[in-house]
Amino acid sequence: MIPVSLVVVVVGGWTVVYLTDLVLKSSVYFKHSYEDWLENNGLSISPFHIRWQTAVFNRAFYSWGRRKARMLYQWFNFGMVFGVIAMFSSFFLLGKTLMQTLAQMMADSPSSYSSSSSSSSSSSSSSSSSSSSSSSLHNEQVLQVVVPGINLPVNQLTYFFTAVLISGVVHEIGHGIAAIREQVRFNGFGIFLFIIYPGAFVDLFTTHLQLISPVQQLRIFCAGIWHNFVLALLGILALVLLPVILLPFYYTGVGVLITEVAEDSPAIGPRGLFVGDLVTHLQDCPVTNVQDWNECLDTIAYEPQIGYCISASTLQQLSFPVRAYKRLDGSTECCNNHSLTDVCFSYRNNFNKRLHTCLPARKAVEATQVCRTNKDCKKSSSSSFCIIPSLETHTRLIKVKHPPQIDMLYVGHPLHLHYTVSITSFIPRFNFLSIDLPVVVETFVKYLISLSGALAIVNAVPCFALDGQWILNSFLDATLTSVIGDNDVKDLIGFFILLGGSVLLAANVTLGLWMVTAR
């Protein structure tokens, strides 16, 4: 559910803004001066919407649009080709997304894991950035509805809205420069806030826009999504090169650094994980970076519980008579004292008979090699057994190595460890450096990639009121005018394509919202 406090703040804030605006406009003393102030500053206020427009940046836009004319011509030609391809590809992408959503709705147990754009999704900002790289732990769709407070953590709103605003500004800069390049008058640039979503816009002289050729219009209309696509590519490049960029201050490849442990995490405790710990192994799985951490947890979660070699003498010394019984899930329990330190283990004796024994977990698994069967233990000692923790179906005992501290023994679902422990691959070279800085940068870049890419895809959809509508109209004018002489037929074709795109997008948004809010 959306946090009530967030709703109260948003609704309360807009109520104050709107009532203040209404009172000032109704006041005999302040009406004219207030309206003059709004007009002079390019401000307009309506319910849940604030809009600011300025001509301050016009000179900069004209400078950019008239510089290196030949290069810009080729640049926006590439953008035009990309825009047309993206417009038609969006049908396939939306159709695929709709099928995925319907498949999830039909499933008995829809996947409970979702991301941002790219996202990415977890309980804290740093865990989101570090864990979103694991595709195996998530059944992600290319497009997904994002609702703050539901599948977008409230503590990541700053990343989200900053990335939305930057993506919107870059999008509109593309339209503005392309328009000036095609000799369309540029009136101004602006920013708006709708409820909680920020955005940008450019004001172009409509008459000029209608007088230029369809191909010129295409360059202008495609420029926005083209710039968003390029921004997403630059974000991917920055993400790949981040270890190199931060190399003078941070190093990687030796493990993962703990940046945060949630208060409700099972990893909290005197012998648990702490901020600043360097994890090098999960069981016998080496961890050198975030991807290794995710893959190791994935393997541990979906493979049978691993065992530990123990000598016959140690087993005899530590074990004591117990009465085993079956749990509801069919697994066996043999520790009847509900101890936090003892765990029920199963093993096969020399006669291949399965036995159960209750052992102090730390003494049983410390300084031992891992195994699957007794044969794995015979290599080191002929009188050894492979003892395997007898736990509930989805529960695992995981030995987490974080030297120089003593190994942490974690008992629980691997995904709980995944979602309640925040990590980073970047280890500071100097003590004064923040361990959170690389995580903040990484998280923001991932949001920028996801949201800029999403803005390019969604705006390319031939849908009423989106860039795709104008791209489609210009494309039909450029290609069908000489083929179909009757403009009414051409307009009818365009209308049905727009109707199909609008219905497809609306279906995705509606079902996506239902899937997000119904979970």
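Cβ atoms are placed via backbone N, Cα and C, with glycine included.
For E172, the entry in Swiss-Prot reads active site. Neighbour density for E172 (active site): within 10 A of its CB lie 21 other CB atoms from the protein chains shown.
Positions annotated as region 'Disordered' by Swiss-Prot: 115-135.
Look at Swiss-Prot and you will find 25-74 (among others) tagged as topological domain 'Lumenal'. Sorting each residue of the topological domain 'Lumenal' (25-74) by its DSSP state yields 27 helix, 10 strand, 13 coil.
Swiss-Prot lists 108-144 (among others) with the feature topological domain 'Lumenal', giving a curator's inference as the kind of evidence. Per-residue pLDDT, averaged across the topological domain 'Lumenal' (108-144), gives 43.
According to Swiss-Prot, the feature topological domain 'Lumenal' maps to 252-446 (among others), an assignment based on a curator's inference.
Residues annotated as topological domain 'Lumenal' in Swiss-Prot: 477-492 (among others). For the topological domain 'Lumenal' (477-492), residue counts in helix, strand and coil come to 10 helix, 0 strand, 6 coil, using DSSP.
Among the features that Swiss-Prot reports, topological domain 'Cytoplasmic' is placed at 514-519. The DSSP breakdown of the topological domain 'Cytoplasmic' (514-519), given as helix, strand and coil counts, is 5 helix, 0 strand, 1 coil.
Among the features that Swiss-Prot reports, transmembrane segment is placed at 4-24 (among others).
Swiss-Prot lists 75-95 (among others) with the feature transmembrane segment, giving sequence analysis as the kind of evidence. Non-local neighbours of the transmembrane segment (75-95) in the same chain are 142-143, 174, 178, 181, 215, 218-219, 221-223, 225-227, 229, 456-458, 460-462, 467-468, 471-472, 475, 500-501, 504-505, 508; each lies 6+ residues outside the stretch with a CB under 8 Å from one of its CB atoms.
Feature annotation from Swiss-Prot assigns transmembrane segment to 96-107 (among others); the stated evidence is sequence analysis. Under 8 Å from some Cβ of the transmembrane segment (96-107) lie the Cβ atoms of residues 141-143, 504, 507-508, 511-512, 514-515, all in the same chain and six or more residues away from its ends.
According to Swiss-Prot, the transmembrane segment annotation covers 145-169 (among others), on the basis of sequence analysis.
Remote same-chain partners of the transmembrane segment (174-186), defined as residues 6 or more beyond its termini with a Cβ less than 8 Å from a stretch Cβ, comprise 58, 61-62, 64-66, 69, 72-73, 76, 79, 202-205, 208-209, 212, 216, 219-221, 223-228. What Swiss-Prot lists as transmembrane segment is 174-186 (among others).
The transmembrane segment annotation in Swiss-Prot covers 187-209 (among others).
Listed by sequence, the residues of this chain that lie at least six past the ends of the transmembrane segment (229-251) yet keep a Cβ under 8 A from its Cβ atoms are 82, 86, 166-167, 170, 425-430, 433, 438, 441-442, 445-446, 448-449, 452-453, 456. If you look up Swiss-Prot, you'll see 229-251 (among others) marked as transmembrane segment, on the strength of sequence analysis.
The transmembrane segment annotation in Swiss-Prot covers 447-464 (among others). The list of residues near the transmembrane segment (447-464) in space but at least 6 beyond its ends in sequence, with Cβ under 8 angstroms from a Cβ of it, reads 83, 86-87, 89-91, 93-94, 116-120, 142-143, 156, 159-160, 162-164, 166-168, 170-171, 224-226, 228-229, 231-232, 235-236, 239, 471-472, 497-498, 500-502, 504-505.
Residues or ranges marked as transmembrane segment in Swiss-Prot (evidence: sequence analysis): 465-476 (among others).
Ranked by Cβ pairs under 8 Å to the transmembrane segment (493-513), the stretches 4-24, 187-209, 465-476 are led by 465-476.
Within its own chain, the transmembrane segment (465-476) has Cβ neighbours under 8 Å at 83-84, 87, 90, 214-215, 217-218, 221-222, 224-225, 458-459, 490, 493-494, 497-498, 501, counting only residues six or more beyond its boundaries.
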